[in-house]
Each structure stands twice: as structure tokens, then as C-alpha cells.
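The signal peptide annotation in TrEMBL covers 1-19. Taken from TrEMBL, the feature domain 'Polysaccharide lyase 14' covers 68-284. Residues or ranges marked as disulfide bond in TrEMBL: CYS143-CYS152, CYS229-CYS239.
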Amino acid sequence: MARVVKWVFFALFVAICNAEETEERSKRATTVWSLSSVPHSSHVSTILGHFKPIYHDWGDDSISTSTKHSSSRALRIFYEKGSYSKVHDHRGAGFYSRPSAISSSVDAMILKYDVYFENFGFGIGGKLPGLFGGENGEGAYKCSGGSNPSSCFSLRLMWRKDGDGELYAYIPTNQESGFKDRDDVIAHSTYGQSLGRGKFRFMNNKWHSISEEVHINTVGKTDGWVKICVQAEGHSQQCYTANHLRMRNTNSHHLRGMFFSTFFGGSEKSYAAPNDCYSYFKNFQILTPSHAVVG
């Protein structure tokens, strides 16, 4: 019994320390873009207006707004039963957002947002927003859907079965020796790499506060890292850090902004949404630590 009590106090101590560390990092960072709520409109171009400039947007038929679960208006995404990445109606939405306040030479960045899952059967898995980067041009938007060119990297989140979370990373193939054998890595030959699966968990019908902090590597080294913290309302914060990563192989590649991406999938029908469901997003922030701008 004493051992159980000690374990509980240790787990609580770790959660408190993680929360304090995350808060302290945010205090040392500069907010370069934020959007607490979206406008009330039936026009997608108006709804997404504050995310602009945006690139390669899709999923207009799934995008709307709502105050159903909060007083501030959230971006609502609809996933129709049976939809997944290869089904083109009501299957989610995506776009790359590069707010103009973001410098062209940022090597560290924090993305924050809140997400609510309504009526979710999580199925096999699906995508959530994360940061992206690469060259300062069209090549930066290529790292998804089984395409992993040397011009970009992307660091989205995923939900998996029963709400297990992970970092889903399209990163260069020349990772450190033994990368594929790491306990926190599920390696894929073509698609993104699954990092830290089950280290945090999403819950149905609750708001979650998400933080993703990325420090990309020094060229020629695998010293990049990504820290993800997730806190569901009424629950302790859960954090996972993926260390010893390579996101770039050239000094001209930097962080570019947010890859808003959410759908069920996977590219196979087995990933399809098990029922009609929604996600809601609000309180977006992009921050840069004081040492994040180079060059």
C-alpha cells in the first residue's frame, strides 16, 4: 500500500513539474500569431481568413463554426461515417498556414491549440495539426500522403485506437543509427514515422489543450527534438519528448508554420470513420523562443 501511495505522489509530482516547465517555456517565448476564435460565417474563406496566407487547402464541405461546447466560436470539422483520406466528401479538412509575422529563418517554434472530440469512435487512427517546415517555397508543402521528399518535414499529431496519441513525423531517412529499433518508434518504410504512440491519450467529449514545441537539428547532427504536451479537461497533463531527431539536411530549411490536417486515415478503407463525428478547434497560438531566429 505504501508503495502505491508513493507511486501516486511521484506521478502527480511529475505532472506538476511538466506543467510548470511548459508554462515557463511559454513565458520565455514570443507570440507571433494567435487566434482565440473564428468568425461566425457560412463562407469558408471568411472562416479561414485569419489563418492566411494559406496553401493547398481542401475540405470546404467539412468546415463550419460552432459555439456548442464553448462560449468562444470554434472551427468545427465534420467527418462523415465511412470517410477516410481517399473518400472526398465530408472527410475532414487541411491547409498549410504561414502567418506573415513568422520569420523566414526560425529554427524553434511552439504551436498551441485546443481540440474537442465529439461523438468519436477513434477507429484505427487519424490526423491532427502540427508544425511543418523545409524550403521557403512550394517544396515545403510536400511531406504527407506517402510523399517524403528532401525539401520538407512535417510533425503532425495523430490519434490512434482508443484515443492513443502520437507524433506522426515525415522526416529525413538518415536518422541516427538504431532509430528504427528505439522503443518509442514504430518505423514505416513509406509513410511518416510513429513516435511515442500511447505516451499521451485523447478522450471523447472533452476539450484538450495541445502544445507542440519543436527545435530542429543542427545540420549534420541528430540533435533536434519535439515535445508534445496534452491536457484533457479535468485530467493531468501528459507530455512526451522525441529526442535525437534529424528534420533537415541543409541550413536553408526552417520551420514555416502550421500544417492544419485532420481526417481519418491512413489510405485504406479500414481507417474509415466508424460514425458521423466532429472535432472543434480554438485558441491557436504560434510562439517562438527568444533564441529561435537564426541568420
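Cβ atoms are placed via backbone N, Cα and C, with glycine included.
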*Could you give the Cα-Cα distance between CYS143 (disulfide bond) and CYS239 (disulfide bond), in whole Å?*
25
*asked:* At 10 angstroms around each C-beta, which of the disulfide-bonded residues CYS143, CYS152, CYS239 has the fewest other C-beta atoms nearby?
replied: CYS239
_Test of understanding: give the count of other CB atoms lying within 10 angstroms of the CB of CYS229 (disulfide bond)._
21
*Distance, CYS152 (disulfide bond) to CYS229 (disulfide bond) (CA atoms, angstrom)*: 24
_For the C-alpha pair, I'd like the distance in angstrom between CYS152 (disulfide bond) and CYS239 (disulfide bond), rounded off._
25
